[in-house]
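Annotated features, as they stand in TrEMBL:
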type	residues	note
DOMAIN	B:12-428	domain 'TRAP C4-dicarboxylate transport system permease DctM subunit'
TRANSMEM	B:12-38	transmembrane segment
TRANSMEM	B:58-77	transmembrane segment
TRANSMEM	B:98-122	transmembrane segment
TRANSMEM	B:142-166	transmembrane segment
TRANSMEM	B:178-199	transmembrane segment
TRANSMEM	B:242-265	transmembrane segment
TRANSMEM	B:277-301	transmembrane segment
TRANSMEM	B:321-352	transmembrane segment
TRANSMEM	B:364-385	transmembrane segment
TRANSMEM	B:405-426	transmembrane segment
Ligand code: NA
Ligand code: NA
């Protein structure tokens, strides 16, 4: 019963992380296009896009927090696990416990972030706080806070699931972008 | 305990936890959080600092350079630009002792100017250069060592994710940092070539290899088609920044678009490859920026503890010499470099030393260059050396062990150290291009 | 003697004018006055240059208690501190930093809006800082009058980009202070709006040798605030001392800004720059061609339940009483 619940939750969480990841990926593309549009509009047509600066800032935050849960999912968060890899060969049980503890700490830390950012999102949703200069370009703050809060919540959940499943494995390096294409 | 004591203990705790395998951003964030809580005896204040750091650390215009240059680097790797440069370079060098090694260094230096990461350089050149060197009877250790050593050029010669990270911590312009990296990067490449010549002359056994019999000449047209795309990209990116026509962010975006056009024209990218490059860009950006966010919690914790002020006072009282501080700095980076990745080293040591450097009226740009070069030595040193890991996992050849890769890289790490000392001694090498 | 600790924060480095004067003027002055009675002594911890917060983070830093006292750069916060835009939305009125500092400060004391805005951010208003005497237009090409700017690309930051809406075909290009030299040098822009002292610091005369003396006006950009919880716990004597010194700091800083501005204008000419005078008619024509951003500002405040219209009138009235009359009456639609 517990096992099926965990498996189900884990499926949902993974699906959410992958979806957010795809969305964040589109933001990367949008960033390339927006900045190039501004460069051309300014240089060739003397008509710079007035919101370029804000849009760039906005998209960086979106990229980071939309992608973070997926980074956690594939275990690519920066770490130095040389010691754990060595230990794994001698004391696999102990190593698994240490990994559980590390994931538990991570879950708590991400939960703290979620806990402090949610109220901020609610508040800014109501006050309609914006950044930028009125009459030039403004954008509301709340979507940023929403993405951060949701992302931290999802990351916390992913770490918690890793505690239960204890499934992260030692690797020399995780850089799938340089893997040979699987044929 | 005084805040200063808590601050110092927390630095030690962070290093310990990282060595124990805790995710680096989590170690930085959690320890800093607890330290603030203890220091001020105020849980809410600690939460508040976390909130401020998470909210405004990623919200930085210049950070857009990270996804943009990462994307550009991934596209050019997939488009085969690194292989092309390598082929042109090896054409004439094959008959020299250690010639392919020198060509690999040269090709890396050129490729470094269009990619921001050492991982990309290491994986591309492992695939194109190592098999060819082994086919010509080079010592396998030398073959992988050359690739490992020259891969660090990717993060010294601009564009470079590490120079971007430093510019954020030290509040320097990304464009200035990029320009400052040009001469030190080229110097390192020249030093590598010199070292290969020296090894070929005095330790020929370590180098190995025999001159190639076949000596195929490329037509001028072929050479042009293999070099012009890369040279064009370099012109757009560095030229745009140097002339001031483009900010670093805009240069990144323009470079990414030009790289895409090159890949399309050469039909060297599938839709799937394009999507993967975008996905990876996102992953790398998120990992680096989350690390930066956590490091900003840490540096603010040090600020709340008053550690920067205290260090400055100590310096004023003690008259510690420039020499001593630099020795401590370099030793600390080498020590952390055994186990930490470059970005983490920069984010941990720079906030500690920045106040001292500022108090001594030294150039923060110069300091950034020596920081990046110093921290990157760690890419080549065991037990954790990212460049060596990438080579080992890309190679997929059981005859060459991880130990071989590290042993082969060792002479190059040593050359880096010598170049680092020269850069420390002669700041004008880093600053010349800016003035 | 009771010792009271105070953490002062700003995201700008210690060498910035207003930070330096906080260290060299504000703090010693408070210490000196408290020493007269000997009841209290302050233990200052000064954290500048991003060691605790970045320039944009000072407001939140003081709100959350990361600093007890902070120097808030208000132009970053048009959303949370709309009333602080008062001088930026009324260009062409006064180039006297002292007069503007005093008028803004009095508006802060006489109307509740500014204090309310800070109170919402859990802080107490202490003083207004004006660090720039006036924006001018620095051009790479020879210009004789405002009409020569037509069709130019002109760099600016924040509200002053809207001033350009009064010039035919001029396009505002956003940039930070540190980018302007490069933008001018490469022809990315033809001109830039900045104040003489900044022009001297960044050697603008090398790339933009013509300064059009448009006298767009002094702008308030700094506010000293105190965390409200910290303030509540302070003894009255300390509160009164801080408030009194804050007034002196306001005038001291504005005076320093004026001295530097005069020296900077001389330095610009000495470095080969030419100052091009602008006629009163030209200034009036520019001002009249602009949208009335002061009215937009007043309306935003009115809609938020504050006395925007009254504040605008009172502010301009104070400047007029001090001898500074604008070329356009911003109170008229
Ligand atoms: Na590079
Ligand atoms: Na290492």
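Using N, Cα and C of the backbone, Cβ positions are placed for all residues, glycine too.
Here the listed stretches are B:12-38, B:98-122, B:142-166, B:277-301, and the one with the most C-beta pairs under 8 angstroms to the transmembrane segment (B:364-385) is B:142-166. The average per-residue pLDDT of the prediction over the domain 'TRAP C4-dicarboxylate transport system permease DctM subunit' (B:12-428) is 82, rounded to a whole number. Against the transmembrane segment (B:277-301), stretch B:58-77 has more CB pairs under 8 A than any other of B:58-77, B:98-122, B:142-166, B:178-199, B:405-426. Contact between the transmembrane segment (B:58-77) and the transmembrane segment (B:142-166) is supported by 3 or more Cβ pairs under 8 Å, counting only residues 6 or more apart in sequence. When the stretches B:98-122, B:142-166, B:178-199 are ranked by Cβ pairs under 8 Å to the transmembrane segment (B:405-426), first place goes to B:142-166. Away from its own ends, the transmembrane segment (B:12-38) comes close to residues 1, 6, 45-46, 49-50, 290-291, 293-295, 297-298, 300-301, 304-305, 336, 339-341, 344, 347-348 of its chain (Cβ-Cβ under 8 Å, at least six residues beyond either end).
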